[in-house]
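J.: My questions will all concern the structure given below.
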């Protein structure tokens, strides 16, 4: 089936050279010399003359010896009499597909093992049912006993009831005695040892450990085990194993391509990553296409791979323990994670493997020396094949069918022959389970996207910029809607980007699963823009802008994604956020006309009255003219994600008197290695989205911890966890807009040289409308101030510029009264109030940069008036420093943040 490329044509059989012992050591997942000796003595390697193994640096990195258990348990007499099981994880690096754990099932009689990759411990029950169905069907016997530890996944009522109903005895080890579940514990240790050795010897990213794990279990089932007379496979089904097809995991191989041109290479260099279940052949990873596939036609480059091997950096792949990332142990209770759909404006950086694929120089093609691989991190299928293997396969097929029909109805492409000299871009399916506010799956979405990263600038596209509505604009309009009791309706544009007109000529391969029969060689000539193209968003925005203006809407100059239509006393506002549309107005008939017109122009989904906007839940009490925004569901998701759902509740987002600095950053490789296992950037990004949407109370704390994302230390991680603890206590806080006076008011403040690294100050500002915050910011200043007046003056200038935008934006809305008057900007520094009107005290202010004197011009124009306020009443204070709890809570009231239970 497979061919091995060797240095000379004569080397076809296994040689008596001692180096062949090392070759089989590598092929068989770095097993020990004892197992190889048994294979040579009475197994399939009888021709091999076993020699001593040379020092294997990968084994030195991957394996370490612990004291063996002394006691021996009772052995099973027949297959399936006793099954050992254990869950291992979470591992510090996610496997491709988002897996963090694996669960093993070992037959005590034969030591034949199964392994399943899982994303959370609670999936162990479903995997046991899957294992039981296959094992009992294969052996025509029943499982009698399940032996496990006291992990919570084995103690849930569903699992215990299932075992009782099926007559399976549950044996749980006594607390503190892991040797009672020694078979499963030892198997997991063996798997981790082999995994580290194999990953260390390969050049694959660490996220491929899932493929290595499945390969290890396959190998252990076909090699001798010292506790049984034969191999596990022989005792399992009576068949003798063959090692003819075994190759070094992670080695390069030339794999035969499918249909190719006459002058194109017939093969592609891929990486061998395992043995497929239920079919012949091998699993190979194509770095060029970033996919794993099965092939039976491959020539392996093992000997050259061994010759080119160089020790690689240490592979840190181990179970992530709570006390390794926390100063105090945290009990983590696994539970089913509820998802909510929230699109981060400032998302955390995607998790990528720290290792890169490095083929030996002789195998690098097209000048590409390195290919970075992105790891999946969600439970949704990442590829077409994964979707077809998913438990929701039928739903994914239906979703793809709907997407395909939408493509055809919009005449997105036509099939043509590929012009000579043109290379088509690729495409792939993106799958997403869309969830509602309660976290339950509402729809299955399949979207066909182009691989736009292969497009060439000035050839396949020109400009790419496309605006989206700013969150502050949405909050302003919602506050106005609460004041006037406007209607708020929501609509969704189906297949949004297909509505954009495409100016460039682009060819794309046919989508996987929908290749037209007898026209396989043809390609799609795109006639409309689709998702993934670099110009897709811009094309859609241009198309929508032209259409909505033709219907009589006017575009706001300060916010291009906000439109208005005013006729007499009838008002309609339209807000566009990519494919989400908000209709806000005072006349139901006018809103209905706009809605019907939109439906006539685009394929729309009417969502009725808005209640869930961009992952933000909206609650209204129209009788009292209250509108509240909440992210409780999102906060719950974040707490579970970072194992903080059972943590202590924090009083404040940051601790008083604690100052972070770069001096606390790791200074040794050991400290840096330890912090790599901490999801610092991901946690900061998750907090950032909550702060940007509805939680101004954590703005200062998030701003501080975000400064250390490149090199955080445990002190910085403790600060992040402190914010999470505070959110756990305040998850029900809502940003409330009421029917108070519709007057925008600004507050500005600054600390003095609080940053211990640069001695720069922090500017803070917040603007309220209708009793709730609409704009807020906390940012480190760009200059070093030498007095509190200067620091406050710089902060006032930045706040004044924001006030100018707010003034112009609201003036154009034409529904906010008294916008001819300046916006009041309150400051608690008398020197700033005086200098904002005219120059004062030349000695103290002569060195201030000219750009900060812009505040005087803004004040003189009448857009803003800077006024004095007492520090105790300045609600911008929490944006610059940590306050005592009582003062902090009082300022939250001024921002409109209230507990949900105190509302309606």
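Heads up, the Cβ atoms here are built off N, Cα and C, so glycines get one too.
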J.: Please identify the range among 301-327, 328-354, 355-381, 382-408 that TrEMBL labels region 'Disordered'.
T.: 328-354
J.: For which of the residue intervals 652-674, 675-697, 698-720 does TrEMBL record region 'Disordered'?
T.: 652-674
J.: When the compositional bias 'Basic and acidic residues' (660-674) is classified with DSSP, how many of its residues are helical, how many are strand and how many are coil?
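T.: Result for the compositional bias 'Basic and acidic residues' (660-674), in helix, strand, coil order: 9 helix, 0 strand, 6 coil.
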J.: Can you tell me the mean pLDDT for the domain 'Integrase catalytic' (75-240)?
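T.: In the predicted model, the domain 'Integrase catalytic' (75-240) has a mean pLDDT of 88.
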